[in-house]
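Annotated features, as they stand in Swiss-Prot:
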type	residues	note
REGION	1-229	region 'Pyrophosphorylase'
BINDING	11-14, Lys25, Gln76, 81-82, 103-105, Gly140, Glu154, Asn169, Asn227, Arg333, Lys351, Tyr366, Asn377	UDP-N-acetyl-alpha-D-glucosamine binding site
BINDING	Asp105, Asn227	Mg(2+) binding site
REGION	230-250	region 'Linker'
REGION	251-456	region 'N-acetyltransferase'
ACT_SITE	His363	active site, proton acceptor
BINDING	Ala380, Asn386, Tyr387, Ser405, Ala423, Arg440	acetyl-CoA binding site
Amino acid sequence: MSNSSMSVVILAAGKGTRMYSDLPKVLHPLAGKPMVQHVIDAAMKLGAQQVHLVYGHGGELLQKTLTDPALNWVLQAEQLGTGHAMQQAAPHFADDEDVLMLYGDVPLISVDTLQRLLAAKPQGGIGLLTVKLDNPSGYGRIVRENGDVVGIVEHKDASDTQREINEINTGILVANGRDLKRWLSLLNNNNAQGEFYITDIIALAHADGKKIATVHPARLSEVEGVNNRLQLAALERVYQSEQAEKLLLAGVMLLDPARFDLRGELTHGRDITIDTNVIIEGHVTLGDRVRIGTGCVLKNCVIGDDSEISPYSVLEDSRLDAGCTVGPFARLRPGAELAEGAHVGNFVEIKKARLGKGSKAGHLSYLGDAEIGSGVNIGAGTITCNYDGANKFKTIIGDDVFVGSDTQLVAPVTVANGATIAAGTTVTRDIAENELVLSRVKQVHVQGWQRPIKKK
């Protein structure tokens, strides 16, 4: 292996016709982010000095979606093959760097495999990622003489004898920038497809006396590409199965690994239990002994020790201290914070609000733009009226406050410690400490009331 720096080229110019979509193929999501983003992330983890993204179809949308300033955008106006794509990027290659070639629609390539490929590359030669298949039909074959790689022949151009070869080209390779630029300049399109094949550089390198080293990926799924939605769905299942296996081996109890989706990163403590059909998005941290019920969605959350999220609750950009309970059917929106032992029950929505230690909102309530103290009881149907149609206002509730059912708190308003709000009250003014507040229409009784009769 050379000691030179390394850059990466990601080919992402294809139309993806078989996806039957207006979305560029490489932007279709896998595990919650675009396919090509998985490849970009791998390149960054490798320590690439620069990442060149070769684009064509849907370039404007690609650039709008992939906002990493480290990307160097290279246009391939016509799709004339992989060799042609690399020719567009070649002017950006430094002579003394290694250039690693990856694909935007091969999303599961691992950093470990790429590190082995870089390590195996001979000084001045080429590192080539290959696999052996029981049925290699349709793939380029690795041609060897006396064990040494001398070329790659595409399936359509292969002889009957060459088609018996079961070692195939994955398309992933690494070579020196100076040599690669020269070989790319020598490519032609005299083949059955009429395209410029990057694979032809293998024969050119052999003719120059360069060594070609091969490496196999740890798993076949690492080099499987996506051309249609069926293949994308299959790779999604492969990815999720791998993530579930890692979590199980790390001590997380997934009650059904086949019905768990990780679409981000999960940091966890000990003795976690996750029921079926749970989705984890973004960055989620679970403390010790956390229990997640079936059908929950957690995105960018921190969940404290001994907390429980009951079924079908949705939490986003929220933070729970130890011993909290949420749900079932609760929604915590961005900015929701629950102090130790707080409880949020069914059909309660919290947004940009903090619920203090031991406080409870059990049923059918909306708490937005609020600061709620400790030991507070929020009755069913309580609403913080935080929006006047133009601006948001805050509700402040002190400690040990009792809020009766069907209460409306019209912000901005402050409720002091120990206050009691009777059921059905609309609060429009601040409430002092230990006050009882109620606002109701006087109850009227009409004896012998006759209900209206429906006209026939």
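Yeah, the Cβs are placed from backbone N, Cα and C, and that goes for glycine too.
In this view, the densest Cβ surroundings among the binding-site residues Gly14, Gly81, Gly104 belong to Gly104, judged by other Cβ atoms lying within 10 Å. For the region 'Linker' (230-250), the DSSP counts in helix, strand and coil order read 20 helix, 0 strand, 1 coil.
Taking each of the binding-site residues Asp105, Glu154 in turn and counting other Cβ atoms within 10 Å of its Cβ gives the largest count for Asp105. Looking at the region 'N-acetyltransferase' (251-456) alone, the prediction's average pLDDT is 98. Mapped onto three states, the DSSP output places Asp105 (Mg(2+) binding site) in coil. Counting other Cβ atoms within 10 Å of each Cβ, the lowest count among the binding-site residues Arg333, Arg440 belongs to Arg440.
Within 10 Å of its Cβ, the residue among the binding-site residues Leu11, Ala380, Ala423 with the fewest other Cβ atoms is Ala423.
Overall, the recorded acetyl-CoA-binding residues Ala380, Asn386, Tyr387, Ser405, Ala423, Arg440 cover a maximum inter-Cα distance of 23 Å.
Listed in sequence order, Gly379, Ala380, Gly381, Thr382, Ala423, Gly424 are the same-chain residues six or more apart from Ser405 (acetyl-CoA binding site) with CB atoms under 8 A from its CB. Considering only the recorded positions Gly14, Arg333, His363, Asn386, the residue whose Cα is spatially closest to the Cα of Asn227 (Mg(2+) binding site) is Gly14. Cβ neighbour density within 10 Å is lowest for Asn227 among the binding-site residues Asn227, Asn386. Annotation: no binding-site residues among Glu154, Arg333, Asn377, Asn386, Tyr387, Arg440 have CA atoms within 10 angstroms of the CA of Asp105 (Mg(2+) binding site). You'll find the Cα of Asn386 (acetyl-CoA binding site) roughly 49 Å from the Cα of Gly14 (UDP-N-acetyl-alpha-D-glucosamine binding site). Considering only the recorded positions His363, Tyr387, Arg440, Gly104 (UDP-N-acetyl-alpha-D-glucosamine binding site) has Tyr387 as its nearest partner by CA-CA distance. Looking only at the recorded positions His363, Tyr387, Arg440, the one with its C-alpha closest to Gly81 (UDP-N-acetyl-alpha-D-glucosamine binding site) is Tyr387. If you take the Cα of Asn377 (UDP-N-acetyl-alpha-D-glucosamine binding site) and the Cα of Arg440 (acetyl-CoA binding site), they are about 20 angstrom apart, rounded to a whole number.
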